[in-house]
Amino acid sequence: IDVLKLVTEETVSMTTTEKHRMSFPETVDEILDVSEDEGTLLGTEGARYMKMDDMKDHDDDFLSPKKSLEYERGITNTLSFSLLQQHTPLPLPKEYDEDSLIPSSPATETSDNVSPVASPIHTGFLVSFMVDARGGSMRGSRHNGLRVIIPPRTCAAPTRITCRLVKPQKLTSPPPLVEGEGLASRIISLGPASMQFLGPVIVEIPHFAALGRGDRELVVLRSENGSVWKEHRNRYGDEVLETILNGMDEDLESQEELGKKRIRRIISTDFPLYFAVVSRVQQESDLIGPEGGSLTSKLVPMVQATFPETAVTKRVRLGLQAQPVPDELVAKLLGNQANFSPVVTVEPRRRKFHRPIGLRIPLPPSWRDSPRDSGEGDTTSLRLLCSVIGGTAPAQWEDITGTTKLVYANDCASFTTNVSARFWLADCPRTAEAVSFANLLYRELSAVPYMAKFVVFAKMNELREGRLRCYCMTDDKMDKTLEQHENFTEVARSRDIEVMEGMPLHLECSGNLVPVRKATQQPRCFSFQAFRDNRLPVSVKVRDSSKEPTGFLSFLRKTTKYEDSQHVLCNLNITIYALISAASMSAMERTELKMAVIAEQLGLSWAELARELQLSVDDINKIRVENPNSLLEQSSALLNLWATREGKRAKSDLYTALKSIDRMDIINMLEGQPPQPVRQGSRDLSRRRHNEREHLSPGMTNGKLPSPDPTMQPLPVVPFALTLSHFSNKHTSSFPEIPKRQSEVSL
């Protein structure tokens, strides 16, 4: 009998890197000592995002107390497996997001409206596809611009390639980002994780970073285990793409064309667990050794860092970053009270050099035009600010003018420093306020710009009243929003607009549609956050019923006291059409509509209702964590979770629960009764509960509708579970979405 012999051996080699405990000072006033082992690392975020060519040959001898210190995002243990490792399809973890990317159509010349038509369907993979030695190229059918190319003879055996987009808040350890950095796309997960290919493969990822100003760049981070991140090194340029394709009939666009389409190309010979595309201010870096050297910013050529001989005893990669400060931004925030130079950063921060290094920074424009004094001593209006904070902690600016000598030449100020940090020159006659002005300005400078679009959903409740839901979206898919399950209709979509992370947005409505309540009663503002649902509900009324229900929406950036006029980001024309009446709605649709109204009306009361419905503290905290920016989503998640758990066996009486938290207004609205006047004592009690239990900004709150929805049937005064029997586990999506109807569930 012949016996099969083992012809392929798998070898597992383990390479570990010893962890180091780092200690570092928190202010520039503390003494930074250099140890006898060539110095001390002043932080754990050294050499972040820098290219690491030949780093393994040079890293072990730069100011390191140990011989093998990685200048990457943290210190990690890594496993290196053999080339022909077993490749098995990965299961689909629950945290993966499968929302689509829908690009907007070209903008019209008269307004910011574009046609609200979804992008064409591309044939390709949903989550995974099979590939063998012949190779293959597939595009993501759910994500426009996502493509994976496996050239021929790079895959040793038939393998299932998986590709998903992951919400960063779902990761235990998302990429550590410092001020001024932000994710340009959702995190991409590729599988099989740790797979080694026989040659380079190509992954193209769409991103939403705004790079039009020319002062920012994209870098790619990778994580092998989901907890430690480092920069991905792309060793292959465009000139070798044809060689990489190995005869494949596949079109690869130039980097310039990819930039116009906002697509980032990644070339790798293996798959990490995650890839992340990060937007940051441009940075120059180079290997600096004991012989010294210099770095000059390409963005601001007058910025230069000079490293004398023996400033570093071993060869290491250092970086220089110069962020320009627009004059219009300074005028908008500070008027003529101060003027600033570019922000200059030496990376890695929190590092002490053996000899002082020299820095040259251009003077603020106002000082170059008319210097007010000699520029010496504590009384000078030209202040040198410094922040030595490293890692992801926010900058803490300190005035070090009195302890640092400045030398002026050619419209620049030069000085020396022993520590790598952020430096900033400010021309501020009110010297005591230089730091506070810097903090205010730096918060705006560190906001990451994104390309987003404004989308408006609408529904008419009756002939003269309707509801609007306004979104500011990045890559969110329109037909998976909450409004699609509440019989809203998309009535307007804008072209791509540049919006800053955290920017407060304000809505103005004109034309034949007017807001029902005043702005003081129903806030019409919200803050933009990338890759999250930025939703603003607004109730409107038709001004003249004899005319068409059309209006004009303007989305504006919040103005400052130094601005003469409001800054309009986007103008949209909308028309609201009447939708189906209550008589034509099924029982399921009516119940979904009631659930949506309850969720919209709850506002800050959702946590009280959760406690009345006997939800645990863990459930309430989970709802808060997964829906941090919208009370509407938190309320919807609460109702969905309760309905899913109780199902047909629901014994909780929602009527009683709402009554116990003093929300009879919701019950009256659903029953079609006029709202009852609220007693002063009840109003004070409710306000006190809200103040004690919830701490959310006004931009996150959802306004209450002013009048009942006539399309809805009265809510029976019986346990609400009788109308929720259709919410079984198999028909309920993971909250915070409203459960889908059977007709909307697709396989």
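Cβ atoms are placed via backbone N, Cα and C, with glycine included.
Curation plays no part in TrEMBL annotations; they are all automatic predictions.
In TrEMBL, the annotation region 'Disordered' applies to 91-116, one of the ranges 91-116, 351-376. On the 0 to 100 pLDDT scale, the model's mean across the domain 'ZU5' (282-428) is 90. In terms of DSSP helix, strand and coil, the domain 'ZU5' (282-428) has 16 helix, 68 strand, 63 coil.
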